[in-house]
Amino acid sequence: MYFASKPPDDPSIGYKEVKSGSGRSRKGRKHGQDESEFEKREQRRTRRAVSVAPPKDEMAASALRGQQLVDKELPNPAFEPVNLENCTMGDNIFDKSLKNEPYYHGFMLPSTLEWTLKRDGDFIVAHIIQHVATERELVAHYLTSREALTKDSNYVLKNPVARPHWILCKDFVKLVGRLGAGAYGKVYKAETTEGRIVAVKSINLETCKDRAREQSQKAEFLQEAALHLPLKHRHIIEFIGLASLAEPLFFVIDFAPGGTLIRYLRKNAGRNEKQQLVRFVTEAAAAYRFLEKHKYLHRDIAARNCLLGKDNTVKVSDFGLAVVCHEEKIVEPGLKLGIRWLAPETLKAMEFSKKTDVWAFGVMMFEIFSDGSEPYTGKKVAEVRQGLTDGSMLRCQVPPNTPPDVKELMQSCWTEDPAQRPTFRVLHKKMKAILGEDPKSTTNSVIGQIPDETPPPPPLSDAAKERDTPCNTAEGR
């Protein structure tokens, strides 16, 4: 006979199964139970196992934590040393002396029983390791058995949650050509299976020197997608979906045929009409007002991060540094940032707030009315950092062709005291007046396309906070 069991440290099951070579049982088969029925039940219990698959309890624990399950090689648990000091047999303490008995075989796979027990009357004592071949089989087992996922929990699988429509398969898009590349990824022009032209941003892991950095960069990439996902606004580039079912990871956004705003400004330098430039500022202010309303800090406001859609409509993009912030300000050292767009309090203490975004917006206004010139033209990054830190250089030189009322707004964004800077709500309202738009019609068409009660995305994860270069050592852009 053999003594088949789950590991003895599982008090809910313990040592319950006893079977002889001929199939008779004391505990495994109920009194009067048909022997053939018992044999069928035993066959189901000891179904085939795959030695390289993780033990069921370990995989269940991973699923419970929400971690992605991946195939991996594990040592055969039948040959691992086992600590029996605290093991139990049902409600009784496990007999420690059993491990010294010759018939105690430790952990075994069900498939080894057939050739271990050869004659009628043979018996062993062993802990039978139950394996599953695939994660799908594991899920199917827990769905049908209604067993708890782990011995210490009451978690039972009941209702599978279907993937949302924005989680895409890799074959949803076909790459057409490369649009650009940055430190964290590459951008491609692509076409969906439905014939829509889109842009694909993929994660770039080629620069990762170790697994920790690779995992951190994946977290940052997924965080950007999570922050961008709920934003539905006329002047924010549309987020279409995330391909996260397999690597490489990428997400899909709407294609902006006009390219980046900074490229457009420089390409058309000297030919940009003032009314067009005012419209660029007004549309961008509408997007940032929307972000401000929903407690977003963009933290990377610049003309390079604005795209132009059809009819050169401004579309704010790039949420790689964005966070949702319900406090007045946050401090986050270690970010890699463009020095020329930073407020003094950011350079001094790495403080971020909606007013540091306003400062950067003022710098972007300079870019727009200077036909894409670099902020603090002619100054080196070290000079800009020093001048902003000690207060000797607080403002860019306002471009000479800037309308007086726009100049006043631009300079108000650079007030040294953050509390004295305007909000994006005020900036948008005044820019609409300068543009000559009807405030009511503009508000209805541009603002509020997500209801106020829309919950913000998850807070920034710890992994996503790990960046490469501290601000005070960055070269700037």
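Cβ coordinates come from backbone N, Cα and C, glycine included.
Predicted automatically and left uncurated, TrEMBL annotations should be read as such.
Under the DSSP three-state reduction, Lys201 (ATP binding site) is assigned to strand. There are 25 other Cβ atoms within 10 Å of the Cβ belonging to Lys201 (ATP binding site). Feature annotation from TrEMBL assigns ATP binding site to Lys201.
Residues or ranges marked as compositional bias 'Basic and acidic residues' by TrEMBL: 31-42.
Across the domain 'Protein kinase' (173-431), the prediction's mean pLDDT works out to 94. What TrEMBL lists as domain 'Protein kinase' is 173-431.
As annotated by TrEMBL, region 'Disordered' applies to 1-61 (among others).
Taken from TrEMBL, the feature region 'Disordered' covers 435-477 (among others).
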